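**Student:** Okay, these came from Swiss-Prot:
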type     : residues                                                                                         : note
ACT_SITE : His358                                                                                           : active site, proton acceptor
BINDING  : 6-9, Lys20, Gln71, 76-77, 98-100, Gly135, Glu149, Asn164, Asn222, Arg328, Lys346, Tyr361, Asn372 : UDP-N-acetyl-alpha-D-glucosamine binding site
BINDING  : Asp100, Asn222                                                                                   : Mg(2+) binding site
BINDING  : Ala375, Asn381, Tyr382, Ser400, Ala418, Arg435                                                   : acetyl-CoA binding site
REGION   : 1-224                                                                                            : region 'Pyrophosphorylase'
REGION   : 225-245                                                                                          : region 'Linker'
REGION   : 246-452                                                                                          : region 'N-acetyltransferase'
Amino acid sequence: MNIVILAAGMGKRMQSALPKVLHPLAGKPLLSHVIDTARQLSPSTLCIIYGHGGEQVPQLLQSKDLSFAKQEPQLGTGHAVMQAVPQLNDDSPTLILYGDVPLTTAASLQRLLDIAGADKLGILTVDLDNPTGYGRIVRENGAITRIVEQKDANEQERSIREVNTGIIVAPTKQLKTWLANLSNKNAQGEYYLTDIVASAVADGVQVVSAQPDHVWETHGVNSKVQLAELERVHQNNIARALLEHGVTLADPARIDVRGTLTCGRDVSIDVGCIFEGDVTLADGVRIDAYCVLHNTTVGAQTHIRPYSHFEGATVGTACIIGPYARLRPGAVLGEDVHIGNFVEVKNSDIAAHSKANHLTYIGDSTIGSRVNIGAGTITCNYDGVNKSRTIIEDDVFVGSATQLIAPIRVGKGSTIGAGTTLTKDAPADKLTVSRSRQITVDGWQRPVKIKK
């Protein structure tokens with residue numbers, strides 16, 4: 001099967017220099033949603049028609065299974081499909097999709113393909129209470145005879161509620177002939193793809209139709225308002241699927257999934273959370289309000305407190321994280337690790353039962369089990385040129401306001417006194433401290449402010 005995706009439109013109402021089909025919905029371009037759906041149908045040819053925005057579309061979406069054809073100037077949908085003709089295989093049908101209609105499901109498209117087979121012209125249609133702006137499906141004795149655009153329709157035709165979604169499948173050899181015979185003698189001066197319906201009828205090719213499971217599958221995006229509306233539709237669909245899977249959502253209207261969210265049993269998600277990329281939450285995970293998780297895996301029974309931000313992290317079981325914690329790429333936490341408020345962890349492994357509860361930076365470090373990191377501790381991993389690692393072995397106690405100048409190793413069971421700046425390895429099972437001796441100055445008085 002051939003699939004052609006029309007993605008050349010300017011999108012003037014978007015009020016943006018970015019091509020319309022590259023605007024994001026749920027974290028990825030509109031066009032990428034359509035491509036992902038098309039791939040589920042296993043096409044032999046997948047051709048993207050681009051135009052507005054120059055080379056941005058092919059540059060962003062390069063892939064071995066995609067081909068591209070440029071439409072310049074843009075003279076209508078029929079003219080757009082003409083640009084793909086050299087790439088279409090005559091021996092299989094051609095399905096035409098739209099880069100700004102992102103939510104059509106593969107199931108609805110497969111239904112259309114099954115009805116059309118290899119020798120019929122198939123049209124995906126919907127019935128609308130208000131069909132204004134859509135091409136009307138004109139039938140005679142139940143059979144589709146043509147599609148008339150809104151601007152070319154008479155009063156009787158405008159009363160028709162069944163409309164064309166634009167999604168069409170056609171036998172390719174005949175499609176090429178019909179495209180070659182298109183005329184632009186209409187109110188828009190464009191070559192309408194819909195005119196092939198009349199050509200098919202004239203050639204004795206049966207025209208059939210199918211309808212999607214949901215009307216929103218055919219909604220397109222022509223403005224930021226429509227984009228926002230479709231974003232809510234999509235997020236509501238995701239929220240419903242999560243609820244049906246057993247996830248507890250404090251408010252289904254206040255969750256955003258911009259990628260893939262996989263949840264185990266008894267997962268609870270509070271309001272305002274955002275999930276980006278691939279996120280996996282194991283059984284019993286609890287996420288409090290306004291957390292952001294990007295490409296992160298969270299182990300069972302872990303509790304993430306409010307306003308925490310994870311990116312590229314792996315969190316073990318029964319951990320307590322936050323509030324206001326930040327896990328950056330390469331953060332790997334073992335079982336029962338506690339990361340508290342205003343603690344940042346980057347490119348570090350922290351083993352089971354260790355804690356850093358307050359105001360700490362842990363970067364490029366390996367931390368053993370049962371380690372306590374005091375408030376205000378900083379691993380000084382960067383010398384202005386190179387980054388070095390800090391190694392803290394099991395059962396270490398690091399006092400508050402400590403700086404560890406990497407590369408450095410803290411031996412097993414050692415204690416680092418509060419306020420220490422550690423520049424050499426600390427031996428195991430001993431107290432290491434480096435700070436000036438405390439003194440008291442008798443008779444000292446504070447300076448007095450000088451009057452000006």
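Each residue, glycine too, has its Cβ placed from N, Cα and C.
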**Student:** Can you tell me how many other Cβ atoms are located within 10 Å of the Cβ belonging to Arg435 (acetyl-CoA binding site)?
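**Tutor:** So the number of other Cβ atoms within 10 Å of Arg435 (acetyl-CoA binding site) is 12.
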**Student:** Using only the Cα atoms of Ala375, Asn381, Tyr382, Ser400, Ala418, Arg435, which the record gives as binding acetyl-CoA, return the largest interatomic distance in Å, rounded to a whole number.
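**Tutor:** Maximum Cα-Cα distance: 22 Å.
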**Student:** Please determine which of the binding-site residues listed here (Asp100, Glu149) has the lowest count of neighbouring CB atoms within 10 Å.
**Tutor:** Glu149
**Student:** Considering Cα atoms only, can you say which of Gly9, Asp100, Asn222, Asn381, Ala418 is the nearest neighbour of His358 (active site, proton acceptor) among these binding-site residues?
**Tutor:** Ala418
**Student:** What's the CA to CA span in angstrom from Arg328 (UDP-N-acetyl-alpha-D-glucosamine binding site) over to Asn381 (acetyl-CoA binding site)?
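**Tutor:** Pair distance, Cα basis, whole Å: 15 Å.
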**Student:** Quick check: of the binding-site residues listed here (Gly76, Asp100, Glu149, Asn222, Asn372), which one has the Cα closest to that of Ser400 (acetyl-CoA binding site)?
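**Tutor:** For Ser400 (acetyl-CoA binding site), the closest Cα among Gly76, Asp100, Glu149, Asn222, Asn372 is found at Asn372.
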**Student:** List, in sequence order, those binding-site residues among Asp100, Asn381, Tyr382 whose Cα sits within 10 Å of the Cα of Gly9 (UDP-N-acetyl-alpha-D-glucosamine binding site).
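**Tutor:** Among Asp100, Asn381, Tyr382, the ones whose Cα sits within 10 Å of that of Gly9 (UDP-N-acetyl-alpha-D-glucosamine binding site) are Asp100.
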**Student:** Could you state the CA-to-CA distance between Ala375 (acetyl-CoA binding site) and Asp100 (Mg(2+) binding site) to the nearest Å?
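**Tutor:** A Cα-Cα distance of 51 Å.
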**Student:** From the Cα of Asn222 (Mg(2+) binding site) across to the Cα of Gly99 (UDP-N-acetyl-alpha-D-glucosamine binding site), what is the distance in angstrom?
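**Tutor:** So the Cα of Asn222 (Mg(2+) binding site) lies 11 Å away from that of Gly99 (UDP-N-acetyl-alpha-D-glucosamine binding site).
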**Student:** Among the binding-site residues Leu6, Gly76, Glu149, Asn372, Ala418, Arg435, report those whose Cα falls within 10 Å of that of Asp100 (Mg(2+) binding site); none is a fine answer.
**Tutor:** Leu6
**Student:** What is the separation, in Å, between the Cα atoms of Asn222 (Mg(2+) binding site) and Ala418 (acetyl-CoA binding site)?
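**Tutor:** Cα of Asn222 (Mg(2+) binding site) to Cα of Ala418 (acetyl-CoA binding site) measures 61 Å after rounding.
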